[in-house]
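Student: Under the heading phosphothreonine, Swiss-Prot lists Thr3. Annotation comment: Swiss-Prot describes Thr3 as N-acetylthreonine. If you look up Swiss-Prot, you'll see 57-81, 122-143, 166-188, 243-263, 279-300, 435-459 marked as transmembrane segment, on the strength of sequence analysis. What Swiss-Prot lists as [CaMn4O5] cluster binding site is Glu355.
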Amino acid sequence: METLFNGTLTIGGRDQESTGFAWWAGNARLINLSGKLLGAHVAHAGLIVFWAGAMNLFEVAHFVPEKPMYEQGLILLPHLATIGYGVGPGGEVVDTFPYFVSGVLHLISSAVLGFGGVYHALIGPETLEESFPFFGYVWRDKNKMTTILGIHLIILGIGAWLLVWKALYFGGVYDTWAPGGGDVRVITNPTTSPAVIFGYLLKSPFGGDGWIVSVDNMEDIIGGHIWIGTLEIFGGLWHIFTKPWAWARRAFVWSGEAYLSYSLAAVSVMGFIACCMSWFNNTAYPSEFFGPTGPEASQSQAFTFLVRDQRLGANVASAQGPTGLGKYLMRSPTGEIIFGGETMRFWDFRGPWLEPLRSSNGLDLNKLKNDIQPWQERRAAEYMTHAPLGSLNSVGGVATEINAVNFVSPRSWLACSHFCLGFFFFVGHLWHAGRARAAAAGFEKGIDRDNEPVLSMRPLD
């Protein structure tokens, strides 16, 4: 237990002496006060939703329609655009009002959650078990804990189905692969084949396989949400109506801190997946809104110079580069025709502006000579100058690259931030899992505070 250093610091039964935790231990003081812990969680949800609403309106207020979203440091409007709000052909923003509505709805929701959080933190009952037994719980009540797990799963499943309904019945979603450079379309034939959907999970995460990050069409994305939403709803019902089996009761640690550690591990995994998805995937994260991926920017540069030099009379099929390999085109390890030069490392890149120029044997020479469309040239030139090179605390671009635009790509920011957050959540998982296991084993004594510097410091008040 924590050592008391200021006996006057008492707050409604949540003082250090009665709980074993000091004020800075936060919600640990509320482990046995279900009503107050509810208040803390509802208030936390209110803060999250407030940020979403406020940041949403901030982005709307600063949005410049003439510039691409990814050049303006936006991270919320690209998501709203991806699910089909306010955009038209080619990802052009045609109406910002839906974005404004989204921000206002989130702000209103945050006010409701904020009121509920303050109410339960200050006014509501300290514990729920007596007044509202349905919402009350004991951490060691295994049946109640799995019931709560089930309720959470059902809510997550409904969330997945909301995207499905939006894609199928409420205006559709933005599909970067729509002919002519992307458009909003209704998904009429989502993939429901378990072989396809679960095939992604069985793929290798390495190389060109890419696990679930390799998804490259909206039908599979929406079909995946049908599967995950349905499984979560049925899994939730299962956990509500059943009791944990004997092996599960023995295998898990059943305490508040253990559940915290499980949750942190789950969020950590989701953070790492989001990191990879936002960095590599240009279907769930359309390049029109989030900017090109690294391989995409590289391939688009090779394509842009191929177009330029071909117009100047170069024979792009036979020109040699300084290494003796093809300057513009060469063969991949599997015999396909690919772009030559440094971008050969990204030979398995797939993008909606490039795929029309392929045939069964890679890039089609006849199409490259006769079929390149103006929108493909414009898209490639734009992506070439917007490689995702910035980091969390830097400007973008390369100092020696005269074609680079100085900006920080949302892909850089989202990938870097989610990796960092995923890592810290994983460390939090290890910390709380270790404490929970030690407490369950009976040798958790806490940290020795006898010689802690804070003991000799002046009290806060």
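Every residue, even glycine, has its Cβ placed from backbone N, Cα and C.
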Student: For the transmembrane segment (122-143), which partner among 57-81, 166-188, 243-263, 279-300 gives the most CB pairs under 8 Å?
Tutor: 243-263
Student: Cβ under 8 Å to the transmembrane segment (279-300), counting only same-chain residues 6 or more beyond its ends: which ones?
Tutor: 68-71, 77-78, 81-82, 90-91, 174, 176-177, 182, 210, 213-218, 221, 339, 342-343, 345-346, 349, 351-354, 379-381, 383-384, 386-388, 409-411, 414-415
Student: Do any residues of this chain, six or more beyond the ends of the transmembrane segment (243-263), have a C-beta under 8 angstroms from a C-beta of it, and if so which?
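Tutor: For the transmembrane segment (243-263), the far contacts come to 31, 139-140, 142-143, 145-146, 428-429, 431-433, 435-437, 439-440.
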Student: Under 8 Å Cβ to Cβ from Glu355 ([CaMn4O5] cluster binding site), same chain, six or more residues apart: give me those in sequence order, or none if nothing qualifies.
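Tutor: Set apart from Glu355 ([CaMn4O5] cluster binding site) by at least 6 residues yet with Cβ under 8 Å, we have Trp177.
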